[in-house]
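Over in TrEMBL, the protein carries these features:
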REPEAT    116-149  repeat 'TPR'
REGION    543-680  region 'Disordered'
COMPBIAS  549-558  compositional bias 'Low complexity'
DOMAIN    578-620  domain 'Signal recognition particle SRP72 subunit RNA-binding'
COMPBIAS  582-592  compositional bias 'Basic residues'
COMPBIAS  606-618  compositional bias 'Basic and acidic residues'
COMPBIAS  641-661  compositional bias 'Low complexity'
COMPBIAS  671-680  compositional bias 'Basic residues'
Amino acid sequence: MATKGKQKAATAAPGDDGPTLEDLYTKLDGHVKKNEFKRVVKAADEILTKAPGDRDAFAAKVVALVQQGEIAAAIALIQGKANPGAPLLLEKAYCLYRNNHLTEARAVLENAEPTEAVLQLLGQVLYRMGEHLQCISTYEKLLEIAPAASPEVKTNVVAAYISGGRSEEVPALVTRLKIRPRDSFDLAYNAACASIDRGDLPGAEELLLLAQRVGRETLIEEELPEEEVEDELTPLMVQLAYVQQLQGKVQEAMEGYHGVLKRRPSDAPSAAVASNNLITLRGKKDLFDSLKRFDRLIEKDAAGKPRFADALALKLSPRQKEALFFNRFLLLLHSNKLDQARELVPALYEAFPGHDTPALLHAALLLQEKKANQAEELLTEQKEKSEGGSIAAQLVLAQAAALTGNFRKAADVLGAVDSIQHQPGTVATLVALRERSGDVTGAEAALDAAISWWDSHMGEVDAAQIVQTLTCEAADFKLRNGRHRSAADTYKCLVRSPIPTVRADAITGLVASTAHFDPAAAESYEGELPPLPGVQGLDAASLERTSSAAAPAGAAAGKKGKGAGDGEAVGQKRAGADLEGKKKKRKKKVRYPKGYDPANPGPPPDPERWLPRRERASNKKRNKKKEVNVRGAQGAASKDATFAAAESSAPEPAKAAAAAKPTPPPSAGNKNKKKGKGRK
């Protein structure tokens, strides 16, 4: 920020030998140009000492405090008595924005003149508040008054469209703004996010690789060290791992998340997202480590309420915060730490008022505590609160009813969800629930209603395929449950299918269903069945004669030991193979101890190794000489005792021979025998 030089009186006040205001302004301007913000504050104070009402010096001091991160001091200065009357609405709103006082910042900006800077800051405030549609409207006004806005502003416009659920419009928006993804890595990153929302995962992966390449080139040109380059590209790496996770490349995604977390990036939100996604890949594995990771993200305040760490609270979006709380709660349920999960429930209702997530998690806790009735009451209340009925609450309510065995109620709740009741997955679940409750008529009606609905929406994608699949399932269901006339009518619709396999199955079902009430029609339909491949030209009578004569021929051949023909030879070979199969047994593999070499077994093991040491023959008793009777002079032993000791110390011939001969290894066999297919 450069200050304008003011033409102040160069003469000093009487008795004042200090520098003039002109000198102080020159000094202030020099510090501003060099970004020496501490000296800017000092120079501004000197000016305000001589001229307390100087607005430019006051504004310079406020901006310098903001640049140093002293947001609280800047707000206090703006709202204090020392303010010479300068409104400084933009600076005040920015300080409130930095302190996460978004509502107050929005009110200040809406009362200010809609300049380019005010609209740009208002767009960021609305984006942080989650008011994406109003954010888009604000940026559109900004582009009207400043068509040649900076690339950073245009990048923010694209981000607002993505967060506002208008990713389909991003390609046209990029063309209208005359920008390209390769212009900056931030823009390429936003374009990749739009591709993810549109379901174009390969395109998103390609754009993220482009963003990494452009970002690395840009940051290297700025002469940043390699560590800082990697740190700046952390969000791109996390998003790339996320795309790989969506594509089913689990191993690559886990390596990407681990690589990011191992570097301990300074971008706390990206690290939090990487930890969360890694935990979702693990599932129920390593629950203790997963809980430790979440403990670093969600801590408790002085009142004991869970909250996000300071580095995350201001930067995570509401959607990201909700996902982190959701997964934290599920981990507590999987770990059976129900007390901690119960403590988290009030914080969820407080953090996400009006959302379905707190009620859904609370219901899951009640179900795990075997309080199904309370869970159903809670979900019913949440369904009534939501505008148009919460689909998630109704689905969980149906699941709760099914868990308690009330399949009829579960089917009624699921059938009341109009927006998804004709989807194939919903229809399959609904039919299964009706069957479990014994309501076969209701299950049949659900299938017929789904077929009729998709018939009237044939213009939609895959509608014809869905109609055919549902019709096949409906026909099989009716035939299986004894509704033969209705099944026959349904199979007749499938006979006209252009797919040969579907048509063949339909004719088969038509024959099976009409045979119960119209045998003549069943015979006529049987003639339309396609021939089985590989059976043309075969005579059934000759096959029967061949099979009946094969057994005695083979037996006779076995007795005579000679083959009288092809049939006898085949029978003889088959009989011989059976006998060999009975006689031949699979040789059991010899399992050696770890590190044992059968070719070089070494000394045999001690046969007394299982006995206590005191009971082994090799054990030497202490003070053996005390047992010998000493007679005569001191130290003179008896001749008989000496001979007895010598006799007892000599090994017995049989034992000595056994000790001298090494025991053959257990795997050794007859050397003339061939080795089997054992372990080498």
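Cβ from N, Cα, C; glycine included.
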Contact set, same chain, for the repeat 'TPR' (116-149): CB under 8 Å, 6 or more residues outside the stretch: 89-90, 93-94, 97, 102-103, 105-106, 109-110, 156-157, 159-161, 163-166, 177, 317-319
Residue counts (helix, strand, coil, in that order) that DSSP gives for the repeat 'TPR' (116-149): 28 helix, 0 strand, 6 coil
DSSP-assigned states of the domain 'Signal recognition particle SRP72 subunit RNA-binding' (578-620) in counts, ordered helix, strand, coil: 9 helix, 0 strand, 34 coil
